[in-house]
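Visitor: Could you have a look at this structure, given as structure tokens, before my questions?
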Amino acid sequence: MSIHLKTAWGHIRRVPFQALAAIFVLSITFFVITVISVLTYASGKALQYFETRPQIIAFLKDEATPEEVTSLEESLRSDVRISDVNYISKEEALEIYKKATSDNPLLSELVSPSIFPASLELSLVDLSFAEDVINEVKKLEIVDQVGFTASLGGEDTLTDVVNRLRTITWYIRIGGGAFAILLASTSFLVLIVIIGMRMTTRRGEVEILDLIGATPGFIRTPIILEAVIYSLIGVLVGWLLAFLLVLYATPTIISYFGEIPVLPRDTLQLFMLFGIILGGEFLMGLILALSGSILAVSRVKTR
Amino acid sequence: MLEVKQVTKSFGDIVALKDVSFKVDDGEFVFITGQSGAGKTTLLRLILRDLVPNEGEILFDGVDISKLPKKKVPKLRQNIGVIFQDFKVLNDQTVRENVEIALAVVGLPRQEWEARVDHVLQLVGLSERADLFPSQLSGGELQRVSMARALVVNPKIILADEPTGNLDWETADKIMDLFEKINKEGKTILMATHHKLIIDKMKKRVIELKAGTVLRSDKETKSDEANVKSDSHEAKKQKTNN
Ligand SMILES: Nc1ncnc2c1ncn2[C@@H]1O[C@H](COP(=O)(O)OP(=O)(O)OP(=O)(O)O)[C@@H](O)[C@H]1O
Ligand SMILES: [Mg+2]
């Protein structure tokens, strides 16, 4: 193996501009692929956030017993139109209020837990069910009032936001995917061209190795390795650049999006996300290099 | 170990070899001689399976190599050490690396390389030139690199095509001494040359080709008896002495 690596390195060193061209194209490809992956992840997360936000709040009467609440919660949970049910006690409601008014301590001191009713927050599978669900829940014994939180002020409803996000996500996936495929194809062609050139410039060497009994595998290995080296360097450089860019921008992104978790807040999780992307890209780079070089090598061999 | 049976090889209308037969035993030293174009190189290329005969068989250790499947050709070639008339060294590799590549080709473990390479470089007298590149060597030195590469894998047989072709007499003589030494160590050598002086001096078995046919060969009776010179008897004598 190491003699092949040595041979491959020898070739790379002798044609630094070809090597640079290959590495440049591959770096750009994997930079873009990394960025698109992160964007896809972020838009998916944002969509998920809005989709799973509670859209209906059923405030419960104070006289409702815990058993009644539990049984209601259970029956709502089994409703196919409702994706999630969350119980908020009086104390939790106060906590939420306090947090929301933390920059104005006077406001929070004025209230006592008793003025906040306990409530059930409902997330719907689809917002078209909202009206029916609200009407049904309103009729229940222990329910006091029902609020619809899915209007975000102005004319915007949550439905609009979700729909717009869906479109954006779709564009990112389709557009980004197409762009990534275009770049990957370019890299593939550049690799084939460079490996093809290598086969031609090495013809004399190939002939000698063939005559002293080298197997086709022995002859091809350094050439394929060369492609793999370009590819792996490309992955590493492209990924690293994108990673640094995201790391640099993370504080801004997080403060801009507030509680919408477009990027993992936890550093470890962020690293994991990038680790997974890197792993996928290594695999992709390997497949690109292997298929490209094997194709180029076999084309030249069958002259 | 090697038996050529009624081999015919033609390139289109040109008949390079016609009905050639001879046998080479283990440990023999055989010259193949004849005018330019007589078919010497063609014969060696057939044995290396670089060419396939139109007719006839070439048995190497009992196996007909002309019918060898393509996949088995590398293994055959790994058992043959070839010294090319035009050296065929890798120009971007040092002397040592040129020799090492043969060991890599046969898949010898790396830790055994150094001792082996040192040994053959010593044998051909290139120890001091090990780290030079081919462009820094003289013709005779390149010839010896080619030899070292052929020898290092310990092949069963050595094919040499005009190994003294473009060397002066003194250098050629030295190279021949080397071949003699290798042969004494038990290697079979098949050498194509038209260097009369060398053939006369070495007193080994000679197979003479003329226009693609065997004109004389010590072992086969096909050739013209009148052409067999005294040196062939001496070659036989020498062989029995060994
Ligand atoms: N690939 C080929 N295509 C066509 N003709 C060829 C080919 N190789 C050899 N020949 C012909 O076959 C004949 C024998 O060639 P070969 O190279 O074996 O001669 P040789 O004995 O080695 O000569 P020399 O002493 O000059 O090296 C020549 O007439 C040559 O032109
Ligand atoms: Mg010749």
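Each Cβ is built from the backbone N, Cα and C atoms, and glycine gets one as well.
Quick paste from TrEMBL:
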DOMAIN    A:55-146  domain 'FtsX extracellular'
DOMAIN    A:178-300  domain 'ABC3 transporter permease C-terminal'
TRANSMEM  A:20-42  transmembrane segment
TRANSMEM  A:170-195  transmembrane segment
TRANSMEM  A:227-250  transmembrane segment
TRANSMEM  A:270-297  transmembrane segment
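Describe the structural surroundings of these features, if you would.
Guide: Counting residues 6+ beyond its ends, the transmembrane segment (A:20-42) has Cβ neighbours under 8 Å at 169, 172-173, 176-177, 179-180, 183-184, 186-187, 190-191, 194, 230-231, 233-235, 237-239, 241-243, 245-246, 262-263, 273-274, 277, 280-281, 284-285 in the same chain.
Here the transmembrane segment (A:227-250) has long-range neighbours at 8-9, 12, 19, 22-23, 25-35, 38, 187, 191, 194-195, 263, 270, 274, 277-278, 281-282, 284-286, 288-290, 292-293, meaning same-chain residues at least 6 beyond its ends whose C-beta is under 8 angstroms from one of its own.
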Visitor: Please report, as numbers and ranges, the same-chain residues at least 6 past the borders of the transmembrane segment (A:170-195) whose CB is under 8 Å from any CB of it.
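Guide: The answer is 18, 21-22, 25-26, 28-29, 32-33, 36, 39-40, 43, 223, 226-227, 230-231, 234, 284, 288-289, 291-293, 295-297.
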Visitor: Give, as a single whole number between 0 and 100, the mean pLDDT over the domain 'FtsX extracellular' (A:55-146).
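Guide: Summarising the domain 'FtsX extracellular' (A:55-146) by its mean pLDDT gives 80.
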